[in-house]
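Everything below concerns the one structure shown next.
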Amino acid sequence: MTAQYLLKDVRPLGGEPTDVLVAGGLVAAIGPDAGDASENAPDDLEVIDATGMVLLPGLVDLHTHLREPGREDAETIASGTRAGAAGGFTAVHAMANTTPTQDTAGVVEQVWRLGAQAGWTDVHPVGAVSVGLAGEHLAELGAMADSAARVRVFSDDGKCVHDPVLMRRALEYVKAFDGVIAQHAQEPRLTQGAQMHEGVVSAEIGLAGWPAVAEEAIIARDVLLAEHVGSRLHVCHLSTAGSVEIIRWAKSRGIAVTAEVTPHHLVLTDEEARGYDPVFKVNPPLRTQADVDAVREGLADGTIDIVATDHAPHTREDKDCEWAAAAFGMTGLETALSVVQQTMVDTGRMTWADVARVLSTNPARIGRVEGHGRPIAVGEPANLVLVDPDQRRVVEPARQATASTNSPLRGRELPGAVVATFLRGRATVLDGVPQDDPADPRYAAGRVTP
Amino acid sequence: MTSGTPVPDDTAAATAATVVLGEQDVARALTRIAHEILERNKGGDDLVVLGIPTRGVPLAHRLAARLAAVEPGLVAEDLVGSLDVTMYRDDLAQHPTRTIGATSVPARGIDGKVVVLVDDVLYSGRTIRAALDALNDLGRPRAVQLAALVDRGHRELPIRADFVGKNLPTSTAERVRVLLAETDGRTEVVIEGGPR
Amino acid sequence: MRHLLSTTDLDRAAAIRVLDTAAQMAATQGRQIKKLPTLRGRTVVNLFFEDSTRTRISFETAAKRLSADVINFSAKGSSVSKGESLKDTALTLQAMGADAIVIRHQASGAPHTLAHAGWTEAAVVNAGDGMHQHPTQALLDAFTIRRHLTGTATNPDGVGHDLAGLHVAVVGDVLHSRVARSNVDLLHTLGAEVTLVAPPTLLPVGVGPWPAAVSYRLDDVLAQGPDAVMMLRVQRERMSTAGGGFFPSPLEYTRLYGLDARRLATLPDHSIVLHPGPMNRGLEISADAADSPRAVIVEQVANGVAVRMAVLYLLLSGDGDTPGAAPATGAVPALTSTSTPATAATTTTAGATA
């Protein structure tokens, strides 16, 4: 029999305190007498004092790199989704740039199955747009869509679908199964050898520049393509003020475009590169304070639809080196919610209901994920996260659930903590601790070891 | 000011500096040393006077002026130079980085000459050891002699001054400071610190 | 001074101290016996990930003149080319007891990482990193400029002086040039006015805040009568499409930005011409200009040894607790006495040697 949980005095979406009963995989009852609805003996009902805590629908990440298959030394599907659960996620989209590439039904089904086995979050594989991410031939998008993994999001993330004809074909083709192309917007010729944002800091410290226009030019082209063919377009990790303007303009024209911003682009700037610490090396690069201000504003006013982590774990050897030799990317699953709280909620730009929108409802809608991003209402699947906004914690990468340590927030104090995560009524995290299955030998040491 | 006793005055405050040589004392000592140098070397024909920075340099200039005054035919500017020993020291790693002083040798060079090294205080002898090494890289003098305004003892090397302005028995806890008008605005030798 | 990674590490006093120390070092290099015992027993490693025979030889000469043991570690043909990381190379050099590592690397920031990643205790000297900095080159340029434009009969090296009031034009591929970045910072620190001259394609996008004026027209800047003109090396591959096609042809570059006899003749009599080498004769500088009496290019090479001796001395001679910008004291111009702060008064204390 599944355990039942009674969340006492919890604030759904940051609203008025009430009690919420989680039972039978569903939100079973809401209200001061919710506990009475439990049919369990009192022994089997776990009561959680959630005074002051906020209840949100389980978070949905549209942009996660789980690295398996291929780079299990950096992350596995099990360790990455465990980190996701610790960060409050109940569903993640596993990006396609694995080895082998997620460009066939076989590979996406393998990823989907490994995710289901691990059981920390639902795993929705993202299919590659082009074979081998090479940007030349369309991958078998239909086969992936019809596979057990039911792929709806397609992306060559890590690389831009820069050929305008290929991009047009992809946008058109996925309409057949209500798919979406998630574009990594980076004009390749303008960013050859690029290491960081091109601007005052790059000029001074001598790192090759990644100009904002290389992102904006692709976004501008793609929204026009999407308008022309009447397709859905999703823009990954938008990072510049100019990109926000283009999306705002496109939406005003009624183009079916959605956009995401990463937590790191909400909080960090290119000034971080001055110390040449490769933990701050990421693609697209950290931008200027003006860009940070613009993406915060865009997120608050709805121009930017979602926050997605672009969680990109890397081994130590890929980061413990000179800047130019280091890999792009930073981890984010376990700090995303705190960064959003710090930059958007605690600053008064957004409410907790807005947080639910950008971290759960909207990403679930864009990815056509069923059962996630639902209202907190009786009878809905109990995909939930319980957050204590008053806790503060210092980020210690070595103590995180992710198998990698490349968090750019190392040593920083962040507000908020995930107290519990529920996946269809089962607690994957309780008291802030991932609930490892004692029967699974991989968790014997209390930590995932691939 | 008078020539003081090297023993600190018990009635003075512990931190107060005791003046052991005044301006006139320093002048007299240099004049005497100039005579001694000329006497020892039977004139000044082959003399080169090299001061060790910082305060050895103005002392060398004063000494050269006195040599020229005493010995007809000597021109002070042709005698005098400076010899920086910083890069020859054996204690560079034990102290904060030292600023390197200038080395300048009179046009006549030092080969075959009698070089008189001039320093303000002779103490452990290590500066003079470094100076001898530095001199060795510059040329081959016929003889090297040493003039010090103050010899405070506590030698750590077998080095002895040929000409001494004043012998000052001191304890190692004391500090001997030579002040010169050229570098410090006034001329005197003081002892600081040490036991009450 | 613990490391020398960038000319921005040097404030005015520290920069003058390096130049003054270099002047004393240069004085020793005119002697028959040039070797000094100063760094006897210390080990200097020249760690070169990029070919640069000139810079390596200059550092090697400087270290040897100070009696340091020198180990040359070239990435070519070593374990580095077989994939050994900078970290493991640093750990190896640390285990071998390197006191200083002189590093040339194609990646901007590699010296910074080497100095601050905790891999080695050695002092790190940046001998050129990517498009970032080449501080000893800027110091030798400043030394050369100071000597020619502020030196006097009694103080030929301009000891104690900065470069206030001088106008220096830096001409060429500023975008890719660590020499330009180092020089802009150092010349500004020393009070000089800098004008960068380059085609717009060879200027960084973020050049705005640099403490320098920017011009696209060499003739206009030469008409202002700069005291020194520093020509930067232009790599021929910059014109190819693969390299980005920064200018249409070498011929056009030379026409617009090359220093030739005609342009040389427009300079004031006292102006000097510098080039960090190696020169592309006929591209950024004509043979007439390179070989003219105004060109101090060969002297720059000689001064490079003195400046690098000074840097190694200042990094390696102290007890390691010295703050970087100690006042320049006791820098006595030849045969003249200058005032010295009382803090440097000769004192003998317990345990000290005098």
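Placement of Cβ uses the backbone N, Cα and C atoms for every residue, glycine included.
Remember, TrEMBL labels are computer predictions, not curated facts.
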Listed co-binder of Zn(2+) 2 (same site as A:ASP157, A:HIS184, source TrEMBL) among A:HIS234, A:HIS237, A:HIS264: A:HIS237
Identity of the Zn(2+) 1-site residue among A:ASP310, A:ASP318, A:ASP320 (reference: A:HIS63, A:HIS65, A:ASP157, source: TrEMBL): A:ASP310
Given ranges A:31-50, A:431-450, the stretch to which TrEMBL attaches the annotation region 'Disordered': A:431-450
Cβ packing number for A:ASN97 (substrate binding site), 10 Å threshold: 23
Mapped DSSP class for A:HIS63 (Zn(2+) 1 binding site), helix or strand or coil: strand
Residue among binding-site residues A:HIS65, A:HIS184, A:HIS237 with Cα closest to the Cα of A:ASN97 (substrate binding site): A:HIS65
Candidates A:HIS184, A:HIS237, A:ASN283, A:ASP310, A:PHE328, namely the recorded positions, that fall within 10 Å of A:HIS65 (Zn(2+) 1 binding site) by Cα distance: A:ASP310
For the domain 'Dihydroorotase catalytic' (A:52-240), mean pLDDT (0 to 100): 97
Cα-to-Cα gap, A:GLY329 (substrate binding site) vs A:HIS237 (Zn(2+) 2 binding site), nearest whole Å: 12
Close recorded positions near A:HIS237 (Zn(2+) 2 binding site), where close means Cα within 10 Å, chosen from A:HIS63, A:ARG67, A:ASN283, A:ASP310, A:HIS314: A:HIS63, A:ASN283, A:ASP310
A:ASP157 (Zn(2+) 1 binding site) versus A:ARG67 (substrate binding site) - Cα distance in angstrom: 13
